Amino acid sequence: MTGTVTARVAAKVNVQLAVGGRRPDGFHDLANVFLAVGLYDEVSATPADTPRISVSGPYAERVPLGDSNLAARAATALATWHGLPAPGVHLHIAKDIPVAGGMAGGSADAAGALLACDALWGTRTPREQLLELAAELGSDVPFALLGGAALGRGRGERLAPLPVGDTLHWVFALADGGLATPAVYRECDRLREASGGGATVTDLPAPEPSRALLDALGAGDARALGAALTGDTDTAGAADRTTQATGLPRCVNELQPAALSLYPALADTLATGDAAGALAGLVSGSGPTCAFLVPDVESADAVAAALLGSGTCRDVRTATAPAAGATLLG
Ligand SMILES: C[C@](O)(CO)[C@H](O)COP(=O)(O)OP(=O)(O)OC[C@H]1O[C@@H](n2ccc(N)nc2=O)[C@H](O)[C@@H]1O
Ligand SMILES: Nc1ncnc2c1ncn2[C@@H]1O[C@H](COP(=O)(O)OP(=O)(O)OP(=O)(O)O)[C@@H](O)[C@H]1O
């Protein structure tokens, strides 16, 4: 095919991130409840003589343009799997997902590049194979392809779709700077070892999702979901076992204590959203973006205004969920 093919891919928030033991390969076992939210990157693939990456949008200057770009790695992985020579393709990323914010922006670009290049090259890769290539590129990439909501097991790459009963409204508070995902997992291990709970970080209970949380998501009941996120309802027994083993407070996002330890000012952001009437606030994935669940559009605007006015974050975005998986445009 000639011309340009464009894929649109959404960001994610983890409505639960239960982190189990560190495995021999260095990854952590997860029960990862992914929810795709309506902030989007667009990845366009155009035939070119030599590989090239360009990026536009408010966060463009923070995205690497060389071989380390996840979209470039995705194009190479797809070409290699089909036995094609090094991909002559120009990938343009119109970036609207915050960078290094815990919203899987790089993973979204990888998923978008897989889909756009597959269409551009007419390679018709089976869906299962695309998901496998996605998993090799990163733990969050398969979910970026899938969208909606899903429970991620293993390191987060083994997905089971989850129903979401109704539109959910979110406000995202963006922080100055980013947090590197490996550093946040390392800090999580360090806190667990230092807590005096006697935890061996390689030997923890298997992480499990909260039944109350999955039920609230399935019903699309924002208030019940808020209660599950803030711990007002019982979460899984596994969470209690993890709490006992690590001696750390129970948290629906078990990376949150680590993100707060590395970025203490996030506590003020969370308190501000809470005081402004959010149903729940949590760090998104590895952070430092903070995510606030709100009951409706009006509350989203009010919480966003309070956060912006407080000076406890750099910028604010509102979005609804669930959003679709990676989709070809036009
Ligand atoms: C925090 C989350 O965004 C929640 O969805 C993900 O777990 C991170 O997914 P990701 O950014 O796609 O991460 P990957 O590129 O697969 O891994 C980056 C690094 O994060 C750590 N990592 C990631 C996933 C996982 N289950 N355990 C880990 O310990 C490892 O140090 C790994 O080397
Ligand atoms: N296409 C890309 N877009 C953004 N960052 C990229 C991209 N390719 C590589 N990177 C690198 O990956 C790092 C993490 O970026 P990303 O925006 O995916 O973080 P994140 O949202 O915290 O990830 P996650 O939520 O999956 O842990 C960036 O600091 C950047 O150096």
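Any Cβ shown, glycine's included, is placed from N, Cα and C.
TrEMBL: automatically predicted annotations, no manual curation.
Its Cβ taken as reference, Lys12 (active site) is surrounded by 32 other Cβ atoms within 10 Å in the chains shown. Residues or ranges marked as active site in TrEMBL: Lys12 (among others).
Look at TrEMBL and you will find 69-148 tagged as domain 'GHMP kinase N-terminal'.
Per TrEMBL, the feature ATP binding site maps to Pro98, Val99, Ala100, Gly101, Gly102, Met103, Ala104, Gly105, Gly106, Ser107, Ala108. In this view, Gly102 (ATP binding site) is surrounded by 30 other Cβ atoms within 10 Å of its Cβ, with every protein chain counted. In the three-state DSSP reading, Gly102 (ATP binding site) counts as coil.
The Cβ of Asp140 (active site) lies under 8 Å from the Cβ of Lys12, Phe34, Ala104, Ser107, Gly156, each of which sits 6+ residues away along the same chain. Taken from TrEMBL, the feature active site covers Asp140 (among others).
Taken from TrEMBL, the feature domain 'GHMP kinase C-terminal' applies to 227-307.
The residues near the ATP site, meaning same-chain residues not in Pro98, Val99, Ala100, Gly101, Gly102, Met103, Ala104, Gly105, Gly106, Ser107, Ala108 whose C-beta sits within 8 angstroms of the mean position of the site's C-beta atoms, are Ala11, Ile97, in sequence order. The recorded positions near ligand 1, defined by a Cβ under 6 Å from one of its atoms, do not include any of Lys12, Pro98, Ala100, Gly106, Ala108. A Cβ distance below 6 Å to any atom of ligand 2 is met, among the binding-site residues Pro98, Gly102, Ala104, Ala108, by Gly102, Ala104. Neighbour counts of Cβ atoms within 10 Å were compared for the binding-site residues Ala104, Ala108, and the top value is held by Ala108.
Listed in sequence order, Asn69, Leu70, Val99, Gly138 are the same-chain residues six or more apart from Gly106 (ATP binding site) with CB atoms under 8 A from its CB.
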